[in-house]
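K.L.:
Before we start, here is the structure in question, set down as structure tokens.
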Amino acid sequence: MDTETEAEKQERHNNYLNELAEQDRWLPINNVARLMKNTLPATTKVSKDAKECMQECVSEFISFVTSEACDRCTSGKRKTINGEDILLSLHALGFENYAEVLKIYLAKYRQQQAIKNQMMYPKEDVEGSYTEEESRAEDADHVTQERQQPLHPVPSSASTTTSTEVSASEHVQSSSKSTHNPAQAQPRIVVQQPLGSRHSTADHL
């Protein structure tokens, strides 16, 4: 039989939420332990309480510096914390030695990111090179011109030769017609004799 009251359930739920919030404040202890072992010799071992202590210290340090950077962004009416804000916060809080090292690391990190972006998204910066939009527009114009042109275009010289040949053939045909038609070449002349001479010729016959 469940004898837990509603108030006890709510209290247990609140404790669970507090534990989650507390865990979210700290860095993962495995990551902290790995960083510690990378600095120490291979034969050195780290106890559990040392890992937990370092976990809490590192998490508090991050929260401390981030809070100072957030105040700077708020005073500057900005919503995004950048790398320069962290470096200025370290100087303001007395961590100048860390700030100088992190400044070098930030410059190298941004340089590597720029190279990575250029490899992933290459751009043609050469003068006279075509962009993708220009090449697409040129291809579209070329296709439009091909559609407007006839399938078998006739060169201008060929058309001039054809018209000359047609006119010459017409001239030859007209000349041949005039040669083979004797009526047009030599007109027929009829000579009529006088009426008296016709009768005399008939009587003679």
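Any Cβ shown, glycine's included, is placed from N, Cα and C.
Taken from Swiss-Prot, the feature DNA-binding region covers 27-33, and the record attributes it to similarity to another entry. Here Swiss-Prot flags 54-65 as region 'Important for subunit interactions'. The annotation region 'Disordered' is assigned in Swiss-Prot to 126-205. What Swiss-Prot records for 133-145 is compositional bias 'Basic and acidic residues'. Annotation comment: Swiss-Prot describes 154-170 as compositional bias 'Low complexity'. According to Swiss-Prot, the compositional bias 'Polar residues' annotation covers 171-184.
Tell me about the setting of these features in this model.
P.N.:
Shown for the DNA-binding region (27-33): DSSP residue counts in helix, strand and coil, namely 5 helix, 0 strand, 2 coil.
Counting only same-chain residues 6+ beyond the ends of the region 'Important for subunit interactions' (54-65), those with a CB under 8 A from a CB of the stretch are 25-27, 29, 32, 36, 86, 89-90, 93, 95.
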K.L.:
Using DSSP, how many residues of the region 'Important for subunit interactions' (54-65) fall into helix, strand and coil, respectively?
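P.N.:
DSSP classes over the region 'Important for subunit interactions' (54-65) add up to 12 helix, 0 strand, 0 coil.
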